[in-house]
Amino acid sequence: MIWVDTVVQGILLGGLYALFAAGLSLVFGIMRVVNLAHGDLIVMAAYLILVLVTALNLSPLIALLLAAPLMFAVGWLLQQLVLNRTVGEDVLPPLLVTFGLSVVIQNALLEGFNADSRRIGAGSLEIASFSVGPITIGVMPALTFATAILVTLALQLIFYRTALGRAFRATSDDPDTASLMGIRPGNIFAVATGLGMVVATIAALYLGMRANFDPTIGPARLIYAFEAVIIGGMGSLWGTLIGGIVIGVAQTVGAAIDPEWQILSGHLAFLVILLVRPRGLFPAGGR
Amino acid sequence: MSTLLETSGLTAFYGDFQALYGVDTTLAEGETVAVIGANGAGKSTLMRSIAGSVRQAPEMIRLNGTPIGHLSADRVNGVGVTLVPEGRRLFPSLTVEENLLIGGWRSARSGPWTLEEVYRLFPVLKDRRGNPAMALSGGQQQMVAIGRALMSNPKVLLCDEISLGLAPVVIRDIYAAVPSILERGASLIIVEQNIEQALGIADRVYCLMEGRITLEGRPGEIDRAAMHDAYFGVQA
Ligand SMILES: Nc1ncnc2c1ncn2[C@@H]1O[C@H](COP(=O)(O)OP(=O)(O)OP(=O)(O)O)[C@@H](O)[C@H]1O
Ligand SMILES: [Mg+2]
């Protein structure tokens, strides 16, 4: 029974990693570029929520509703002013620019908030739990997981059921022909990055409520997100959710064997899947 | 008939390579103009220049007298000039119907063409509306490409080799759509390598060779020997 509990906790933890990854997956699916500053942008959003919660004395949920459109604007501007100048045949420029951005964001946060670790207070939610048979489930992990499913579902609906989603897919297929159809690829990319930042803000809320954060933890979140995207198969949104779950389960199972193994076993699961299925579990094209 | 679209002294470059050397053409309201020429003559470059994929000096291309040469492709589409690109270029991730809907992305331009009207023009597409675009036969894919362009309700429809690689009977089906397109108010520029096809459909023909217009005239009035020279170059 202890193993069932371990796996269930792992699945729920996977929800958090899936949230870290969903925005990355969306943007990669449309632009075929990886934003190396994604983790730092999540941390930035967490500070934004923290400021709204403490300065305006708002509840975390209300703070999220304010922070999300602000982060959409950040993503939109970032894409229009900076990243659109780097997209093209060569994949190196966007990598270099977002790597630089990662460093800039970390230092700016250090400057603005110092290196102390912070937390977004969630009151009694932090320790609330309920029982399913013999298994005790934390309300916060359960909420995180439910949110991950809802976010994935919402992105999936936008992608496959709306005019915006059609434009996303058409622009991803062939930006030149899309522009012949009246679409401005740069605008579509900016909306995609903005949407990715909205998802990142949701991830930031859970990041900040569940654990301490400081300005330097972004790159580690990026690695989990990146692994989830690759395990799931680049460009597949449901695959990314599964990828997050794989890492979460590997971590809790590893930790059950030996607590020191938690982080490492997540990375090992990633490496094994990369060896067995280099294109991930659900590669795009075979959706 | 008033001039709708006009190129004057149109030049085009790919890096150092010059593909067009001062091309002058006009298209009147309601007219069908054919552009013929051998491989590499610059026909697609001319179409892509008008459509905004290759940027130009503003005055080199005018629509109703307004310079549009400097506009990007999405804005040229917005002012009512739409290209059916060579090789169709359908979106593989999209179904037939989604490809058509993408053509109507700019809902600002309303007009006679809707999804229903496109299906009336090409009924076979209605049965295949949910299929991935690339699952269709070549002729049906070409119909999607034309329908997709029509969905933007263009004043000027540019067609780049819409008969390429298709069987004669399929080509006939596709060209059978032209009268309906004209009836609903579009004017056409049609690029063709098939000279008979071009002469059969066009009000006027331009012959393009090595980036220059070498002949212009009405199909009935063009001398075949002159056309041969204009197409292949004067025999030594
Ligand atoms: N992207 C490009 N880069 C460099 N040169 C190009 C490019 N596209 C076309 N060219 C060159 O420009 C010239 C005109 O090409 P274009 O495609 O306009 O000819 P075309 O008349 O459409 O030929 P076809 O009948 O084969 O379609 C050719 O010499 C071609 O090699
Ligand atoms: Mg061509």
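Glycine too: its Cβ is placed from the backbone N, Cα and C atoms.
Per TrEMBL, these features apply:
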type	residues	note
TRANSMEM	A:12-34	transmembrane segment
TRANSMEM	A:46-79	transmembrane segment
TRANSMEM	A:91-110	transmembrane segment
TRANSMEM	A:131-159	transmembrane segment
TRANSMEM	A:188-209	transmembrane segment
TRANSMEM	A:221-249	transmembrane segment
TRANSMEM	A:261-277	transmembrane segment
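Taking pairs at least six residues apart, the transmembrane segment (A:91-110) and the transmembrane segment (A:12-34) share three or more Cβ pairs below 8 Å and count as touching. Packing against the transmembrane segment (A:261-277) from elsewhere in the chain are residues 224, 227, 230-231, 246-255: each is 6 or more residues past its ends and has a CB under 8 Å from a CB in it. For the transmembrane segment (A:188-209), same-chain residues at least 6 beyond its ends with a Cβ under 8 Å from one of its own Cβ atoms are 16, 19-20, 22-24, 26-27, 30-31, 35, 38, 41-46, 48-50, 60-61, 63-64, 67-69, 71-80, 83-84, 87, 118-122, 125-126, 140, 143-144, 147, 151, 155, 158, 164, 167-168, 171, 178, 221. Same-chain residues lying 6+ beyond the ends of the transmembrane segment (A:46-79) with a Cβ under 8 Å from its Cβ atoms: 101, 109, 112-113, 118, 120-122, 186, 189-198, 200-202, 204-205, 207-209, 213, 215.
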